[in-house]
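Data block below; observations after.
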Amino acid sequence: SFAGILDDADITAALAACKAEGSFKHVEFFAKIGLAGKKVFAIIDQDKSDFVEEDELKLFLQVFSAGARALTDAETKAGDSDGDGKIGVDEFAQMIKG
């Protein structure tokens, strides 16, 4: 949960900006919500494997709002620089920095 960590208006604005399929921009999204990389990674890595698997990333917008869309395959693969189907903390840091 992000209660007390993030501003609801920031979350709403960030989700609205990526509502259309293919419009999710990692760097812009995390800048809009104002959440640092390691905190985001820990929240998205639901199984605490130290990797964000594609299925976790695909549904991560729903962590912010239950009605949010799933990311497309292209959007989830954007951060997987070595193509292994999962994103490590270093890949994640690169992804959100741009």
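Using the three backbone atoms N, Cα and C, a Cβ is placed for every residue, glycine included.
These numbers come from a predicted model, not from an experiment.
As given in Swiss-Prot:
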BINDING   D45, D47, S49, F51, E53, E56  Ca(2+) 1 binding site
BINDING   D80, D82, D84, K86, E91  Ca(2+) 2 binding site
DOMAIN    32-67  domain 'EF-hand 1'
DOMAIN    67-98  domain 'EF-hand 2'
MOD_RES   S1  N-acetylserine
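For the domain 'EF-hand 2' (67-98), DSSP puts the residue distribution at 14 helix, 3 strand, 15 coil. Same-chain residues lying 6 or more positions outside the domain 'EF-hand 2' (67-98) and placing a CB less than 8 Å from one of its CB atoms are 15, 19, 21-22, 24, 26-27, 30, 37-38, 40-41, 49-54, 57-61. Other Cβ atoms within 10 Å of the Cβ of E53 (Ca(2+) 1 binding site) number 18 in total over all chains. Apart from the site residues D45, D47, S49, F51, E53, E56, the chain places the Cβ of I44, Q46, K48, D50, V52, K86 no farther than 8 Å from the centroid of the site's Cβ atoms, the recorded Ca(2+) 1 location. Sequence-ordered, the extra residues of this chain that approach the Ca(2+) 2 site, with Cβ no more than 8 Å from the Cβ center of D80, D82, D84, K86, E91, are F51, G79, S81, G83, G85, I87, G88.
Cβ contacts within 10 Å of E56 (Ca(2+) 1 binding site), excluding its own Cβ and spanning all protein chains shown: 18. For the binding-site residues D47, F51, E53, a Cα to Cα distance of within 10 angstroms from K86 (Ca(2+) 2 binding site) holds for F51, E53.
Non-local neighbourhood of D84 (Ca(2+) 2 binding site): empty, since no residue in the same chain at least six residues away has a C-beta under 8 Å from its C-beta. Note on D82 (Ca(2+) 2 binding site): other Cβ atoms within 10 Å of its Cβ, all shown chains, come to 9. Less than 8 angstroms from the CB of D47 (Ca(2+) 1 binding site) sit E53, E56, each of them six or more residues away in the same chain. E53 (Ca(2+) 1 binding site) falls within a strand when secondary structure is assigned with DSSP.
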